[in-house]
Amino acid sequence: MATNGHFASIGNSASDTTAYEHGVQVIDENKEFNPNLSQYLSLENVTPSGFNYHLISVFGSQSTGKSTLLNHLFGTHFSVMSELERRQTTKGIWMSKNKNESSSMASNILVMDVEGTDGRERGEDQDFERKSALFALATSEVLIVNIWEHQVGLYQGANMGLLKTVFEVNLQLFLKDKNTTHRSLLFFVIRDYSGMTPLQNLQKTLMEDMARLWDSISKPGGLENSNVHDYFDFQFYGLPHKGYQPEKFVEETQKLSLRFCDGQRDPNLDARKGEFSDGGVFLPEYHRRIPADGFSRYAEGIWDQIVNNKDLDLPTQQELLAQFRCDEILREVMVAFDETIVPFEDKQSQAARLGEPEILGGLGAAMRSSRTKAVKAFESEASRYHKGVYQRKRAELESKADTRLKTLFQGQLNAAHKSGISEFSEAVTAAVKSGQKKGTGYDFAEIVNEEAKKAVDKFEEVARATVVDGTSWSDYKQELALYEKELAEVSARLRRDEMRRLASRVERWVQSRLGESVGLEFNALGSGRAGGGAPEKGDQPTEKKFWDRVWNVFVETVLDAERRFTDRASSFDASLEEVDVGLWRLRRKSWGVLRAKIDEEMIEGNLLLKLRENFEDKFRYDDAGVPRIWRPTDDIEGIYTRARESTLTLIPLLSKFRLDETSAPPPLDRWIGHTPSSATSADEEDLAPIGGVDEEEGKSLEEEMTIVSDAKRQELTVRFKKAADGVYVEAKRSAIGGMTQVPLYFYGLLLALGWNEIIAVLRNPAYFFLLFVCAVGAYITYQLNLWGPIIKMTEAASNQAVTEGKKRLREFLESSDTGRQAIAMSTPGGSGRGGEEHEMSRLNQQGKSAAADEDVDDL
């Protein structure tokens with residue numbers, strides 16, 4: 001004989017279906033729960049079925065053929081008792097899936113074979129009987145009560161004690177859940193039914209017994225008037241004797257098996273009148289609403305409460321199960337969620353570490369897809385559990401997912417923000433440079449507006465592509481407003497920068513124009529002749545009006561620059577305040593340019609050169625601008641004195657910037673104006689202080705307009721006089737040199753004495769050709785006006801040769817004793833005219849001595 005006890009270890013480690021041929025022992029005889037129940041359900045493909053499964057338990061006395069009944073009804077292989085012995089076969093509680101492949105039966109029927117009652121092995125120990133009944137009632141939809149016909153009407157034989165226990169634990173189980181009335185089906189299968197007693201009579205007897213049992217149990221407050229039909233439905237079926245009518249038994253069990261299908265309650269039947277359904281046994285209200293994937297965990301929790309004699313609270317157990325399963329499902333769906341989202345999180349965090357925010361392609365689609373899949377997967381698996389727990393855990397899942405997705409969303413918007421700002425700045429700069437290279441006018445405001453619109457459109461495109469519908473954090477209006485605000489700030493900064501560049505270009509233009517115009521005024525300074533220094537038309541400029549002309553040129557140039565600046569700034573969409581600041585800066589910068597140009601022209605060397613040129617113009621040229629050729633009869637001293645005094649009047653004139661019309665400095669402070677109220681410290685930091693305009697500078701306008709100090713004026717006067725004296729001495733020499741003339745008779749004497757040589761030259765072709773070449777060279781030299789320089793160079797070379805000869809002679813004499821004695825006896829004095837010595841290295845460009853110009857050479 002084989003008993004179920006032999007298979008008690010099955011299911012502990014095996015993972016294939018053959019190991020579960022006899023089912024799985026859910027609870028062994030030692031009241032231990034088998035943790036591999038979930039594995040069995042998974043192998044039988046019950047786990048994914050959700051609520052689409054049914055659980056049946058069978059009760060009855062020991063050795064009454066419960067396992068045999070189940071094997072015939074459901075095709076299971078529960079071990080049965082040998083007919084040769086009568087002892088306990090089923091130990092604990094076993095479970096097996098329905099093997100009957102009849103299409104009329106419900107799918108996924110799980111059958112529990114409960115250890116029989118009233119067995120001699122346990123004797124009077126009814127603890128397991130009560131615990132197993134409680135477990136079966138807490139988990140099963142249908143309770144099959146297996147009794148023999150001859151036991152109907154008996155107390156012990158008809159399992160009345162067991163049924164009383166069932167009624168009591170039913171109230172215990174569902175008392176705490178008063179919102180729902182849980183129902184179960186008690187299906188009485190009457191074995192060895194002979195048919196002599198009508199089944200209706202047996203039903204009546206059993207129902208009377210049920211009513212008495214219900215009335216006999218202790219009921220909690222509020223349920224004193226309840227009856228058994230409030231909690232239980234009843235069905236009855238009679239089976240013939242298996243031993244005496246085996247074929248009939250098989251036939252009837254097959255018919256009975258067809259009733260294990262989904263059914264509907266017939267409202268026309270009244271159980272109190274003995275009207276019972278003979279249709280499908282699985283009504284929706286019987287189902288315990290425990291999803292198949294959580295059944296093993298639920299059953300384990302139920303048994304743990306039962307075996308530890310704790311108050312069994314099914315709603316609490318359902319919540320605990322829901323908590324456990326929802327946590328498991330949440331972790332599972334988050335694994336799939338992580339597979340999609342983690343790569344994007346890694347990319348984003350790496351880009352953030354590198355300081356190079358990157359717009360992640362496909363992020364929005366991945367976020368929406370992963371969130372939807374996670375929520376749907378969770379909903380599909382967890383929605384079958386306790387609604388409150390499910391909703392709470394779903395909210396937790398959405399919160400976890402949304403927290404991470406929000407971070408990605410914010411990071412994406414941040415990347416779009418930073419890259420957009422950078423691209424906007426680069427695009428505006430590139431467009432401006434392109435317009436400058438083409439040489440065509442460009443509208444800066446239009447460029448900024450177009451690029452800003454593109455930047456906003458791109459930002460919105462990225463944001464819309466990343467939005468996850470149905471989430472509160474997907475509203476990017478605030479981020480868009482911040483982005484537009486920064487775009488406006490960057491636009492303002494670019495406009496300020498462009499206006500600075502415009503101002504720089506205008507300043508360079510002013511510098512160029514002033515450099516030319518003011519330079520011309522200085523070049524024409526004090527020209528006293530109608531030659532190259534005089535204007536082509538009209539009268540020559542008056543020296544007294546020099547600063548007036550400079551100021552007028554300056555003001556006109558700056559006004560023209562202001563018009564250019566204002567016209568160009570209008571295309572920048574600049575405000576009036578920005579234009580005012582730009583014009584104010586332009587005037588200050590322009591004054592700095594003018595003052596720098598004046599200082600450049602008025603440095604000591606340049607000014608001394610200007611004074612000498614002014615003096616030479618007045619001294620060397622007459623009033624008609626014709627060069628003077630000095631003769632001994634000319635009033636060289638008078639002309640020299642007038643020219644020198646006239647030039648000396650320029651020194652005090654140039655020392656201070658004063659207008660001839662007002663005899664006062666120009667109104668620089670009024671012309672520049674007050675500092676605009678909108679000017680910032682950045683607008684003033686690169687501006688040089690101006691005396692008389694900036695109070696904190698400590699300089700007056702008079703000091704600002706002082707070009708040459710008094711000490712410099714005196715030094716300049718002395719050096720100019722020395723230079724003028726040199727010019728005067730040179731003029732005096734040229735006049736004296738012209739007094740030496742060759743007598744006319746000398747030319748006749750030269751012709752008479754050299755006649756033979758003349759004839760010899762004319763008759764000799766070689767001499768004649770040489771003479772011809774010399775004549776042509778002399779003519780060309782005359783036409784190029786080079787005779788003067790040649791004569792001067794020759795004279796200087798000869799003088800230099802004489803000087804060098806004297807030097808060598810002196811060195812020779814100094815090297816001998818006789819020479820040293822002769823030198824010692826000689827009187828001091830120089831050689832040459834007036835004691836002057838001329839060296840080639842000391843000649844000026846006219847071939848004259850540069851001794852008189854030694855101060856000018858300090859430029």
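A Cβ is built for glycine as well, from the same backbone N, Cα and C atoms used for every other residue.
Here the structure is a predicted model, which means the values were calculated and not measured.
For the ranges 147-205, 324-382, 442-500, the feature annotated in Swiss-Prot as coiled coil maps to 442-500. Of all the Cβ atoms in the protein chains shown, 20 others lie within 10 Å of the Cβ of Ser61 (GTP binding site). The average pLDDT the prediction assigns to the topological domain 'Cytoplasmic' (1-741) is 81. Reduced to three states, the DSSP call for Gly60 (GTP binding site) is strand. For the recorded site, Lys66 (GTP binding site), the DSSP three-state label reads helix.
Contacts of Thr64 (GTP binding site) defined by a Cβ separation under 8 A and a same-chain sequence distance of 6+ are given as Gly116, Asn146, Ile147, Trp148, Arg191, in order along the sequence. Over all protein chains present, the Cβ of Ser63 (GTP binding site) has 19 other Cβ atoms lying within 10 Å. When the binding-site residues Gln62, Ser67 are compared by the number of other C-beta atoms lying within 10 angstroms of their own C-beta, Gln62 comes out lowest. The C-beta environment of Lys66 (GTP binding site), restricted to residues of the same chain at least 6 apart in sequence and closer than 8 Å, consists of Val58, Phe59, Gly60, Thr90, Asp113, Val114, Gly116, Asn146. Within 10 Å of the C-beta of Gly65 (GTP binding site) there are 21 other C-beta atoms, taking all protein chains into account.
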